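Participant: Have a look at the structure that comes next, please.
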Ligand code: ADP
Ligand code: MG
């Protein structure tokens, strides 16, 4: 505020100085020059305005005409006019010259006086102008002062207002002070409480410290114990490493022994499975099919099957029907009609284990149409887990064993493919999109030049890692088969379905690898065409199909024989089926054939054919299998 005021003061002071300095000048202005016969002009008062003009008027009034200059006689030097001297006495009337002279002198005097008065007038005008200028300046100054006064008033008002505000604020602050004081009191109370609490805590702390000391004592004891435990852990880790090493050795030994056991059981095994009589089918006569028990009695799993056939063409001399002929067969295992899917799978789960161990495994289902091949391989209808077939069971088993082996450092991967061989053409059963059901023809080729591995062109190879994925694939295959089905021909029974799973295992820690295919084959119906049938266009087609089937099935038999006899040439190329399966058959592979038999008497002829074929296969022993290990 003071700072604001300061320039005003300065300004006022400056003005004051100006006014003060103008004063002597005003005095100078009022000094009228003294002339002869003139009285001194009184000093003009300092104030200007009307008063100043009055002073000037007074000056002019006081100026009396000067004394007449006495006329000089011609030829004489005119005496200088004497101011205040008495006028010369009046000239005689005749002295015209003298009078004239006087008048001239007087005129001259008047002129001088007029001149003087003009000068004075001029001076006074100048003074007046100056006075007016001064008046103007003073007016300006007055206005400035008035403005300043107004400003000061405004400031004063503002000050008043501020004062009012400050008073309000003071009131507020006082109020707050009151509140704060209340707060302070509360805080003091709280402080007291806290002090009390602190005392309690200090007591607790003391207690804790006491306990801590005790704990520290215990800790040092524990540390000693820990050190000894660490030593023990190191010893245990050492032991564990040794055990792991031993476990690995045992696993390898298990694989070897497992393989030996499988070889002892035979690298080519044949299981016979007789399906139950279905609702609506005529029950066969008693004794038609018999399952004699093994050497150790009924507790032994059956391995033999006896089938009786009454040949109506053979008659006795007396005309009585000939006694039925018994045909006995012996296999690695026989499953009578009541055998469940789980029972069947148990027998083959060992083979699935061999596949994981790196041995190629091939499982076939052979038999006439309707004998239960698809039931055995894929399972019964309705998705009932009880009737699940070998394919889903085998895969579930594989996934779970692979999971167990992961604990020993093994990592497994599985890639599935599913194709159908119909009339010597290969079709992808996993085809999707536009190829679904019609999938373009596929070809069996070597995976690469010089490679042993075979691959089916245009077929999908799907990596699988859980049951759900396998179920989805089987569902897709069923859909693809349904699309291809025609009214005349149940094509699926006229074609071979080959499900292949490429198993690859790796033990990164030990640099071990194993790989082997597991093939599960639902073969085409093995029934022969009735030679007495008239050959219509449909039958001709049927004949062609049957010939293709028979040819490929007999090639399969020949391949197995050739392998068994260790012949130098194995006719794999004679059929698409054996060509595709060649890596799952040879010396390093394990083969299992299910011969599926119908329990019906009307199928006896086909059953006998199947059993004979299976018996031949059963006589085969294929060289010692070797795991595909690297
Ligand atoms: P295939 O594939 O040999 O032509 P399927 O597997 O289709 O024969 O079987 C024909 C019928 O018999 C199907 O209805 C099937 O459900 C039934 N079947 C086959 N085997 C059994 C079995 N072991 N238990 C119950 N039903 C069976
Ligand atoms: Mg079938």
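Quick reminder: no glycine exception, Cβ is built from N, Cα and C everywhere.
Given the structure is predicted, the values throughout are model-derived calculations rather than measurements.
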Participant: According to TrEMBL, which stretch among 1-26, 27-52 corresponds to the feature region 'Disordered'?
Facilitator: 1-26
Participant: Using the Cβ centroid of 367, 368, 369, 370, 371, 372, 373, 374 as the reference point for the ATP site, which residues of the same chain not in that list have Cβ within 8 Å?
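Facilitator: For the ATP site the neighbour list reads 275, 365, 375, 493, 525, 596, 598.
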Participant: Counting by DSSP, what is the helix, strand and coil composition of the compositional bias 'Low complexity' (288-297)?
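Facilitator: The composition, in the requested order, is 0 helix, 4 strand, 6 coil.
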Participant: Determine the Cβ neighbour count for residue 367 (ATP binding site): the number of other Cβ atoms within 10 Å of its Cβ.
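Facilitator: For residue 367 (ATP binding site), the 10 Å Cβ neighbour count is 33.
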Participant: Out of 367, 369, 371, 372, 373, 374, which binding-site residues have CB atoms lying under 6 Å from ligand 2?
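Facilitator: Listed by sequence, the hits are 373, 374.
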Participant: Within 10 Å of the Cβ of residue 371 (ATP binding site), how many other Cβ atoms can be counted across all chains shown?
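Facilitator: The answer is 28 other Cβ atoms.
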Participant: So which one is it: of the binding-site residues 368, 369, 374, which has the fewest other Cβ atoms within 10 Å?
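Facilitator: It is 369 that, of the binding-site residues 368, 369, 374, has the fewest other Cβ atoms within 10 Å.
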Participant: List, in sequence order, the same-chain residues at least six positions removed whose CB sits under 8 Å from that of residue 372 (ATP binding site)?
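Facilitator: Non-local contacts for residue 372 (ATP binding site): 273, 275, 596, 598.
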